[in-house]
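Novice: Per TrEMBL, the features are:
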type	residues	note
TRANSMEM	52-76	transmembrane segment
TRANSMEM	507-525	transmembrane segment
TRANSMEM	537-562	transmembrane segment
TRANSMEM	568-589	transmembrane segment
TRANSMEM	601-623	transmembrane segment
TRANSMEM	629-646	transmembrane segment
TRANSMEM	731-752	transmembrane segment
TRANSMEM	774-794	transmembrane segment
TRANSMEM	927-950	transmembrane segment
TRANSMEM	962-982	transmembrane segment
TRANSMEM	1002-1021	transmembrane segment
């Protein structure tokens, strides 16, 4: 043993402690050391003191989270557009205008306001049916056919060959192009508001007048088949014995919903069953899911469109003469198959109507052929509401803003302008009635509608003129029709502007809270001189008291000023009361407050990175190219780190610093090759995240990336542990076996997923789906269940060996045994950092699973960069500066884009929810989607405590305070970004690109801040507690994590 062989772990520890015990007893006997009982009591007091301080730090960061949530809530509810929903409903016996000289209203059997044209209707909604899916395509030298071309010819062919029986037109959706918002527009005839976007998967029942409600009021029997979103919006409206709803969220399932709709709809179309229903609504999801899973240019899309083509052929054959067949899309999809925004491909859907009888006409012979592109003769989706209402003899819903579609009322000969003028008069009159009610409810100034009212008067004068004349020409009816159409168009424009009004006071209140919270966070992070953990207690107690007082004051104000919104008063009162309380707390400890101004180049670099990025969000081009901006910022940091490393006096520090700084730059550049381009970046950007720019699946070669990560990254991480002699104990089990095995399982999952997508093994699809789902669940169990068990119960990664004197290394701690050898504690110098770093690798494994293969590679690079950053910070002695947490913020933001995401709603990878799950399960489904979307920011937030713990020995004082300071600095980075995007979005609220660029970036900034807040509280600071407890079990509490006296350490 004297020759340097390591003692077995427990034997070595026993020998070391036996010798230490003898020495301690000798000192106790001589009075040089406190008695054992006194030491144990002091150790216990230290533990209790640490746990109390840790709980206070957790509570303070929770307080900051609440401030952020309240500020974001007030701004968002004032900014995201809403409209007043009126409770009035249209009634069959009460038309909006006198029509006694044209028709006798009041009978649902013959038609409420207009003669009924059809007894029954079959309404088919093909989710994401883009218009160019339905029109023929001729390949040219400059443009080749894609898989979706010419796969669904029946709609175009029928409309072209039988124009009196069918028509096909572009069907333009109002953004946001999410299914729930589109269903509201398609049934109410109203415009959506952006605030609805957040409820796309949790819609509330529609409480305003709508087409489905009018059908039920008319005692129509409605059957629904397909997407279960309809049942969330209209619970209890459908025939229970015939209706078949299906889960709509599993975008990886292309066939279950479609096959179910087809299976049940054709028996209902049989003559023996047509007496059981009046309206059938079928909602097919396969085209939408094929787009999400593969993109439009994929054989699966062609197969799905061909299936729809066959279905429509059969429907045409089976419907009877009194049934109207309607086929439509609710929105389109972009080149990757996603939707949610306002690009042309996302808003351009298709509308097709068919009747066995010659019913439809054209206002011009030029319109006999359907439009070749969606830019020609488009129809607004809200126009479907008055059209279907009048064709089925129903009242037009009260809140409708649409106009009847020409082809449905002009007559088969295309000359019945009298009927066209009549139905447009009815629709315009209902719009006028709605606008009167809305103006009264909102207290709008009459001047707001002056232009529309003038057109209304002109249209009625034209109508009255015709009625007074004994003989009217077709041109007179054309003029009247045009006059009422002009009124409808003008009113629609006014409503768009009217509902684009923002609640400025609420927005200002939200911004004030965010600004004040930012000041509090900034002082706490970089303006306290001393123990952050110790100083948190007065700030928290006074701040909490202030919140309670502010909450009560807000409640009182709502009684004094009844016009004041309750939620606004309570939110603002609680927030500002708490902020004022923290301000008083700062005054109480004012001698510990210093001016948070940088005093080093690293402090200034942190400020410049943060402020420059924030200021740039005022420009749409900066926001669009944010990923490239972050690339340059990170490269700049790498260059500064190289320069700083060259100045280190210690040769080892100089070499390590230069190596890891250069490695950091190289890895940043390597990660930049993974990109998903947003529409505005094309043609200056080429997507590499998927197999092609028009695909949503990975290329075959990309499947190798997770295997490369599995075989290399554990070795790389192990090298960091070996460098500090911490590759001991549980670290060996986790890094060499569990982590590697989990990564191999993740790689196997994506291989099976590709086999499932590509149908490599026909006939084994169900087995592959089940196997890959079990593999995903096992991987998550290893990452989180086994990982947290290991992290919670593992001892510090230390070992004991004896060596000849002067043969020990810097990563070890040596105890002289007064002989020829010494006892060495391996891993002593990085006991805190190595212990905590296991937490980073656990979450890396979980995040790697839920990212696509290219994203798994990016997350692997990020993890490698994080460990290199630890070495850069240590060799340059920067653990107490702000640069580490800020660079982690930049890394998280950069790799957000490298994992296939953008600042757009359409880039959310909803399908990730079904990696470990077959159906939607709360809270796991949103948890997986958040982990996929913000995995990079989550991983970097978890890594923040390691910035100050890496290569810190157990006797380092004030580590809990250092952790709190670093986490606060990291959150401060995201808080500045959130405030900037919030203020710029509010300032640019009339910008043309508001909802395309600025609003999604604001929403992203707000969600990221909240996510980072939660992760910092529950995982980062919570994980630091587990790590400290583990180290203290070996080394005691006198020096672990917290110091009873403050030391002045100020390095910005």
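Backbone N, Cα and C define each Cβ position, glycine as well.
Because the structure is a prediction, the values reported are computed rather than measured.
Set these features in their place in the structure for me.
Specialist: Sequence-remote contacts of a segment are chain residues at least 6 beyond its ends whose Cβ falls under 8 Å from one of its Cβ atoms, and for the transmembrane segment (568-589) they are 63, 66-67, 70-71, 73-74, 506, 509, 512-513, 516-517, 520, 523, 528, 535, 538-555, 557-558.
Outside the transmembrane segment (629-646) by six or more residues, the chain places 601-602, 605, 609, 612-613, 616, 622, 653-654, 656-658, 660-662, 664-665, 668-669, 672, 872, 875-876, 883, 887, 890-891, 893-894, 897 with a CB less than 8 A from a CB of the stretch.
Here the transmembrane segment (731-752) has long-range neighbours at 698, 703, 706-707, 709-711, 713-714, 717-718, 721, 768, 771-772, 775-776, 778-779, 782-783, 786-787, 790, 794, 797, 834, 838, 841, 845, 848-849, 852-853, 856, 915, meaning same-chain residues at least 6 beyond its ends whose C-beta is under 8 angstroms from one of its own.
Within the same chain, residues 830, 832-833, 836-837, 839-840, 843-844, 846-847, 850-851, 855, 858-859, 862-863, 866, 869-871, 873-874, 879-880, 884-885, 888-889, 891-896, 898-899, 901, 908-910, 912-913, 915-917, 959, 962-963, 965-967, 970, 974, 1007-1008, 1011-1012, 1015-1016, 1019-1021, 1023-1024, 1027 sit at least 6 positions outside the transmembrane segment (927-950) and bring their C-beta atoms closer than 8 Å to a C-beta of that stretch.
Below 8 angstroms of C-beta separation, residues 57, 61, 64, 68, 72, 75, 510-511, 514-515, 517-518, 521-522, 524-526, 528, 532-533, 536, 606, 610-611, 613-615, 617, 879-880, 882, 884-886, 888-890, 893, 937, 940-941, 944-945, 947-949, 998, 1001-1002, 1004-1006, 1008-1009, 1012-1013, 1016, 1020-1021, 1024 of the same chain, each at least six residues beyond the ends of the transmembrane segment (962-982), sit close to that stretch.
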Novice: Who are the long-range neighbours of the transmembrane segment (601-623) in its own chain, taking Cβ under 8 Å and residues 6 or more past its ends?
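Specialist: Apart from its flanks, the transmembrane segment (601-623) reaches 629-630, 633, 636-637, 640, 680, 878, 881-883, 886-887, 889-890, 903, 969, 973, 976-977, 979-981, 984, 987-988, 991, 993, 997-998, 1001, 1051-1052.
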Novice: Test the contact criterion for the transmembrane segment (1002-1021) and the transmembrane segment (52-76): 3 or more CB pairs under 8 Å, pairs 6 or more apart in sequence, then answer yes or no.
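Specialist: Touching, yes - the transmembrane segment (1002-1021) and the transmembrane segment (52-76) meet the threshold of 3 or more Cβ pairs under 8 Å.
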Novice: Counting only CB pairs under 8 A, let me know which of 52-76, 537-562, 774-794 has the most with the transmembrane segment (507-525).
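Specialist: Result: 52-76.
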Novice: Looking only at residues six or more beyond either end of the transmembrane segment (774-794), which have a C-beta under 8 A from one in the stretch?
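Specialist: Answer is 729-731, 733-734, 738, 741-742, 745-746, 748-749, 752, 835, 838-839, 841-843, 845-846, 849, 915-916, 1023, 1026, 1030.
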